[in-house]
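Undergrad: Per TrEMBL, the features are:
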COMPBIAS  423-433  compositional bias 'Polar residues'
COMPBIAS  450-463  compositional bias 'Gly residues'
COMPBIAS  481-495  compositional bias 'Low complexity'
DOMAIN    274-361  domain 'Ig-like'
REGION    415-495  region 'Disordered'
SIGNAL    1-33  signal peptide
TRANSMEM  381-401  transmembrane segment
Amino acid sequence: PAPCRPCVAMRVPAGPLSLLLALTLLSPRGSMGGSCPPRCVCASNLLSCSQANLSAVPTPLPRFTAVLDLSHNNMTRLRADWAPARLPHLHALLLSHNGLAFVSTEAFAHVPRLRHLDLSSNRLRTLDENLFSDLGELEVLLLYNNEITTVDRTAFENLGRLRKLYLGQNRIARFPLELLREGTRLPQLALLDLSANRLRAVPAGELQALPAWLRDRLYLHNNPLACDCPLFQLLARGRRRRLSAVVDFQDELRCILPGAPAPIGILALAGRQPLNCSEAREAVLEAHLGDSVTLGCDSRWQGVRSRHWVMPGGERVLGEGGNGSVILLANGSLQLQALRPEDAGTYACWVAGPLLNETLYVELLVHNFTLHGPHDTLNTAYTTLVGCILSVVLVLIYLYLTPCRCCCCRGAEKPPAPRDDSINSSVLSTTPNHAGGTGEPCGSRAASGAGTGQNGRFRGGGTPPLPPRQGPKMQRKVSDPDSVSSVFSDTPIVV
């Protein structure tokens with residue numbers, strides 16, 4: 001038999017190359033820096049576990065993961081320990097179509113660099129307090145197609161870089177205005193989708209005050225909004241400015257009119273009964289002589305490269321001009337000081353945007369009188385009304401409160417009539433029958449005494465003196481005052 005040869009042991013060279021080769025052989029997928037979880041696909045820094053019928057997040061997760069796709073699984077709860085180790089490179093997390101009904105407020109503590117979070121098409125009902133407060137670098141948040149009814153005021157705290165927020169196809173009944181007011185909570189928000197919710201009213205006045213670049217991506221279609229003129233004015237101005245949220249979805253922008261069998265188009269409310277809304281006027285300012293006004297250049301482009309103004313006369317404004325009366329502010333607005341009549345007209349703001357250019361027009365009306373304060377100057381209608389009221393009052397005073405101007409007051413200091421003559425006096429006689437006459441403005445009074453008869457008339461021998469004749473036409477029949485009664489008296493007439 002052939003002699004046995006001694007077995008020769010194979011030597012593996014020691015060093016970095018041998019260590020790298022050994023790790024490659026031990027790794028089940030050959031991935032560097034960690035193993036790929038079961039039922040997942042790893043490609044470079046992408047980890048896809050979609051449609052893997054997972055009920056929990058697989059572990060361990062490679063630290064180099066930048067995009068993690070866990071969509072279309074059966075994970076109903078996202079606890080705080082789903083990522084036990086910190087994932088410093090993770091910037092996109094996809095959790096849609098999982099039936100998620102609970103998300104812990106500490107679920108994102110280990111993914112601080114997250115910029116894209118997709119929680120759409122789940123069963124979330126509430127957004128709890130400080131739910132996303134650990135995501136300071138988040139830019140896009142997808143929450144559409146859930147069952148959200150309430151949004152906590154602090155749910156989006158510390159999201160200073162959030163640019164797009166999708167809340168469409170939920171059950172939100174109150175407009176979350178705090179997300180937009182003053183831009184303090186979400187200062188960089190450029191898109192807010194509230195379509196297909198249960199909104200019945202929106203603060204149209206406050207939304208109109210928002211910048212045009214934010215209103216350009218404020219989606220309100222497919223909501224059961226109540227028809228009113230402020231809502232029509234808001235959307236009509238948006239259509240005139242060609243805002244995408246209005247132009248692209250104007251057929252879905254509908255409202256409910258009382259008594260109407262079906263919702264109607266909001267933009268069709270102009271001149272329609274019973275609201276009869278007037279057409280919207282875009283950028284029309286009114287001022288008075290000597291006032292100072294600021295014309296805003298409300299562009300729908302957020303990243304404006306440059307802008308300039310053109311005066312009504314065609315002059316171009318690039319900086320301060322007009323002896324300091326026209327100033328171009330840092331935000332692009334144009335300030336006019338000490339207005340004159342010739343300052344009225346249409347001003348044009350030319351904007352160079354990142355994609356397209358835009359020209360905005362502002363019409364300025366200058367009234368030909370000064371206005372120093374709210375109470376210094378009365379308008380013409382108010383002055384006319386006050387004048388009419390004063391005229392009526394003076395007429396009433398003249399008719400009812402004017403004192404007696406006669407030179408002799410009848411019945412002044414008249415003694416009481418004898419009892420035997422009272423039967424012949426009229427109870428409705430126009431002759432005064434007062435006992436005292438002091439205080440009446442009479443220039444002179446008839447002397448009283450034995451020769452004074454009834455009603456203060458002098459009666460000598462039972463017949464009053466005849467008045468002096470002034471002509472044949474001035475003669476009149478004189479009768480005894482005691483023998484003639486009033487035609488309105490209840491006693492018979494005695495002649």
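Using the three backbone atoms N, Cα and C, a Cβ is placed for every residue, glycine included.
Are these features on the surface or tucked inside, and what touches them?
TA: Mean pLDDT for the domain 'Ig-like' (274-361) in the predicted structure: 77.
Among residues of the same chain six or more beyond the transmembrane segment (381-401), none has a C-beta under 8 A of the stretch's C-beta atoms.
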Undergrad: Per DSSP, how many helix, strand and coil residues does the domain 'Ig-like' (274-361) have?
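TA: The breakdown for the domain 'Ig-like' (274-361) reads 3 helix, 37 strand, 48 coil.
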